[in-house]
Amino acid sequence: MTEKIKIVVVGAGVSGLTTALLLSQNSDYKITVIAKHQPGDLDIEYASPWAGANYIPVALAGSHEEVYERNTWDWLYDLARYTPESGVHLVGTFEGKDRPGCHEYFPPRAKDSEDSPDLRQWRDEIEKPNPWFENVVPNWRQLSESECPAGYPRGVSFTSICLNPQIYLPFLQSRCIKAGVKFRRLDISHITQAAQYFLHNQRDTMAPNIKNDTADLIVNCTGLSSHKLGGVKDEKLYPVRGQIVLIQEEVDYMISCADEDQDTAAEGEFCYAMSRGAGGGSILGGTYQIGNWDGKVNDSTTERILRRAVKCCPALIAGSQKTGIEDWKKLTVVRAGVGLRPARKDGVRIESELITGKAWKGWVVHNYGHGGYGYQSSWGCARQVAKLVRDCVSRAL
């Protein structure tokens, strides 16, 4: 019997969990996931729980990111239709354009590059008459003014997906465990240290005599931590600060629209609202502040988010019984939070690298730098990682 390939995945965000789950479908592999943070944690170093999260096509046509997003849609769409316990659900989506009195600012998510010459390039992509994703997402349609919400002369609509990270991340982890993937909470300072923490016991990690083995290969899904992780230390990584507000009210469609004025737009603020599945309320946003490492909630930003939300989406307070107060105060805030999107100047890094450490030398496959599109590219990126893993295994034999 041929010995199975031992793989350690570092990181348990959406990228690490998705990658581990996809790799576990190969019967030739045994997988261990090690991570400082796991589903259920809320920490500024752990980006995935703070995400909206949704599927809004942002990749430029012909880019690697387009392939990743294309190859993710079917996975999420099937989960939304057939696996409601995943926390993934379908939702109607409206993207508003040219609202009078609004400065048209949208974040550069298509490239996630702080030195991008055109911060609106991803917006230009979604406004094309025939964008690459018109046959990917269902019901894509350009809207006339009469079809748009009040105040919007133009817009587009389509069926998209929202995810509830508080459900989806544990769902992925439980699927991994069912497939035999082992988990260990662990913080490492150098990527090659991960190799020594492959768990030998396939099922019972609570056994009194757990035996560690040495991994054959490492997959690096550490997100922004790759900026300081020994053996990687990628200086192209940078944070994009996102502040969001979770409210009790639920919006029945997903919307994003222009900011109110030039000043707040220059600070990297814009407006969106999306529901979280399974009665999880709604997420309001948000900010896209490049190079900002601040993990603290800014109360003034929270107020601006709420003010913009009721202006762009009046339905949020349509049923409110609260009177005698400003509209934005009628919203029931559960909490505000901050996450740091792991952006990278050259886009997501998915490539293999031969790395030598003090006690281990071998192939590391990197999968990080997804910026604000980690969920909607997760399965496509995992597919590319799986291909690189196969290539590395072939070279090592």
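The backbone N, Cα and C atoms fix where each Cβ goes, and this holds for glycine too.
Now, the feature entries from TrEMBL:
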DOMAIN    6-388  domain 'FAD dependent oxidoreductase'
BINDING   Thr222  FAD binding site
BINDING   Tyr272, Gly372  D-dopa binding site
Taking each of the binding-site residues Thr222, Tyr272 in turn and counting other Cβ atoms within 10 Å of its Cβ, which one has the fewest?
Tyr272
Segment-level pLDDT (mean, integer) for the domain 'FAD dependent oxidoreductase' (6-388):
86
Three-state secondary structure, Tyr272 (D-dopa binding site) (per DSSP):
strand
What does the structure give for the C-alpha distance between Gly372 (D-dopa binding site) and Thr222 (FAD binding site)? Integer Å is fine.
15
Cα of Tyr272 (D-dopa binding site) to Cα of Thr222 (FAD binding site): how many Å, rounded?
27
